Amino acid sequence: MNKPHLLIDAGNSRIKWALADARRTLVDTGAFGHTRDGGADPDWSALPRPHGAWISNVAGADVAARLDALLDARWPGLPRTTIRSRPAQCGVTNGYTTPDQLGSDRWAGLIGARAAFPGEHLLIATFGTATTLEALRADGRFTGGLIAPGWALMMRALGTHTAQLPTLTTDIASGLLAGAQAEPFQVDTPRSLSAGCLYAQAGLIERAWRDLADAWQAPVRLVLAGGAADDVARALTLPHTRHDALILSGLALIAAEGAAQD
């Protein structure tokens, strides 16, 4: 019986994990917070020993050390691979001038998106601490991307660097806008700040999508992922598809390719 692969996506906000079976299906999933945010360790006690761990880590050395300690405590000696972006892998060609500068999370997400939507031109918008946009052609060529502050970071920056504006979280902002989303302009400061930053996200995406469709002269599927996707989606006027497992799905493909080469 083939052992599953343990997949770990360590982002700046939290850490997601999954077990993938031989068919690259995610059969068990979970998430946990960073130590700095009071996040408890994951409960892996009921999981079988995997073939190995494949890790995308954009959260730094301290998180890498924590993951090593967690893996060693549960499965001593477990092989592990921290992925890096490459010039080409799993049907995706990296268009960055220096391919290894592309974040490993974005690289895995591109691979996952290519597999999820084969033969389609894609604009992939991922909403985390940063909002990232990736342009992926139907033949698997990643032609470039955009990086902007995420919704939460935009609001936090305004609250931190101005004297009279509040510092709002996405939970607070989402609640404020729940009954006011239909109105293009707001009548108090917290809602104005929440909506302004949200529309900045939506405006970036819609401009990028239209520019891409014009440049490629072809239909482009807009794919949304990440924690603020629901809120941003409500501000969009474009059709879109939601997919929240692109990075883990891409890691599953990378793991399967690596295991086949062992």
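Note that Cβ sites are derived from N, Cα and C of the backbone, with glycine treated the same way.
Per Swiss-Prot, ATP is bound by D9, A10, G11, N12, S13, R14, I15, K16; the candidate from T98, T126, T129, T131 named for the same site is T129.
Other residues of the chain with a Cβ within 8 Å of the Cβ centroid of D9, A10, G11, N12, S13, R14, I15, K16, T129, the ATP site, are H34, V58, A59, G128. Spread of the substrate binding residues is 40 Å (greatest Cα-Cα distance among Y96, G103, S104, D105, R106, T189). Using CA atoms as reference points, the binding-site residues Y96, G103, D105, T189 were checked against I15 (ATP binding site), and the closest is D105.
Recorded residues T189 (substrate binding site) and G11 (ATP binding site) have their alpha carbons 31 Å apart, per Cα-Cα distance. Ranking the binding-site residues S13, T189 by C-beta neighbours within 10 Å puts S13 at the top. Of all the binding-site residues listed here (G11, G103), it is G103 whose C-beta has the fewest other C-beta atoms within 10 angstroms.
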